[in-house]
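Annotation source TrEMBL lists domain 'Lactate/malate dehydrogenase N-terminal' at 49-187. Residues or ranges marked as NAD(+) binding site by TrEMBL: GLY54, CYS55, GLY56, SER57, VAL58, GLY59, ASP79, ASN140, VAL163, SER164, ASN165. Positions annotated as domain 'Lactate/malate dehydrogenase C-terminal' by TrEMBL: 190-347. Residues or ranges marked as active site, proton acceptor by TrEMBL: HIS220.
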Amino acid sequence: MGSNAPAEVTAAENGAGKPGATNGCAASLMDEMCFPAMMSDGSALRGAKVTIVGCGSVGMACANAILSAGLTSTMVFADVDQKKVKGEVMDFVHGGAFHHANVKAAEPNYDGSEDSDIIIITAGARQRPGESRLDLVSRNARIFASIIPPLVARSPAALLLVVSNPVDILTAIAARLAGLPRGRVFGSGTYLDSSRLRVDLSTQLGVSPQSIHANILGEHGDSSVAVASVANLAGGRFADAALTPDLWGELHRRVVGAASEVIALKGYTNWGVGAAVGALVGFILRDEKRVVPVSVAAAGAYGIEDDVFLSLPAVLGRGGVERVVRVPLSQTEQEQLRKSAHSLAKVASSVAL
């Protein structure tokens, strides 16, 4: 992963004290509020071609969300099961009068995916009964080693969005395999977890989840961190109200267990993560500069020393992850983030490519 730090810019160079200096002041303020050297190279996307690798339930939920929102003019499906690809393409093509996109299949060698703007990776092996997490990661690492290089060779300017689980470790593996600049490879991370937290809070409070600002950071998994210190409703912090640590802990436990609950009922999860990925793609293609928790290269932020990917609040735009924002986390939350990073590093260090 490249990590070229941006050159420091002085106030004079920014035009302080001159007409139109407001933008310079705003840039300096943003530099203070974000971690240095944790951004993409800022290169803009050229259009709207999206390739989805993996035509399972999650991949097709992502496709449905993106197409229904009218975010892309061309969508390409890729999967080892060519029969499945053909069927999914045909099914979406039949709805072409409604989503207005050109949906097509990639060849087994990924021809047809050339010049993609965003490549979404949902492919991966499912955990076998009794299989350890490390064994699952190792199998998925081998799958990634076979798909990432040919995809990047055909779309060297693309952004890579990893959705496959365990998403943080696989995003780190994808970044190593892709060799793209910092910020152009990232994972869906805890964006869906954060939605689950906001929805749970909104249900209890009787307000829209869009009015609640609350994030889950760290690992998309057991060591995630529910950030209570800055969670708020219209600026009113929950930490200053009657939301006790015990209640916050219960909310966090429900978020961590949510996927297992859905799987127990229907066998898998797909619509929630599909909606989350669709939203992320929209933020990118519309260049919204939206701050969202996604899995990014985390070393250097919040005292994290491990070379891992985990979810931090990031500015998402056409360049991918453009900045990582400094949030005033409590000391306890920062310690929990570092523990989460260390937990991920232990697993990642055992995976060979």
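Just so you know, glycine gets a Cβ as well, placed from its N, Cα and C.
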Just to be sure I understand, if DSSP states are collapsed into helix, strand and coil, how many residues of the domain 'Lactate/malate dehydrogenase N-terminal' (49-187) fall in each? 62 helix, 26 strand, 51 coil
Give me the CA-CA distance between ASN165 (NAD(+) binding site) and the residue listed as 'active site, proton acceptor', in Å, as a whole number. 9
Long-range neighbours only, meaning 6 or more apart in sequence with Cβ under 8 Å: which ones does GLY56 (NAD(+) binding site) have? ASP79, THR122, ALA123
Check the binding-site residues GLY54, VAL58, ASP79, VAL163, ASN165 for other C-beta atoms within 10 angstroms of each C-beta and report the one with the most. VAL163
C-alpha spacing of VAL163 (NAD(+) binding site) relative to HIS220 (active site, proton acceptor), in angstrom: 11
Across the domain 'Lactate/malate dehydrogenase C-terminal' (190-347), the model's average pLDDT, rounded to a whole number, is 94
At its widest, how many Å does the recorded NAD(+) site span between Cα atoms of GLY54, CYS55, GLY56, SER57, VAL58, GLY59, ASP79, ASN140, VAL163, SER164, ASN165? 17
Cβ atoms other than its own within 10 Å of the Cβ of HIS220 (active site, proton acceptor), all chains, total 28
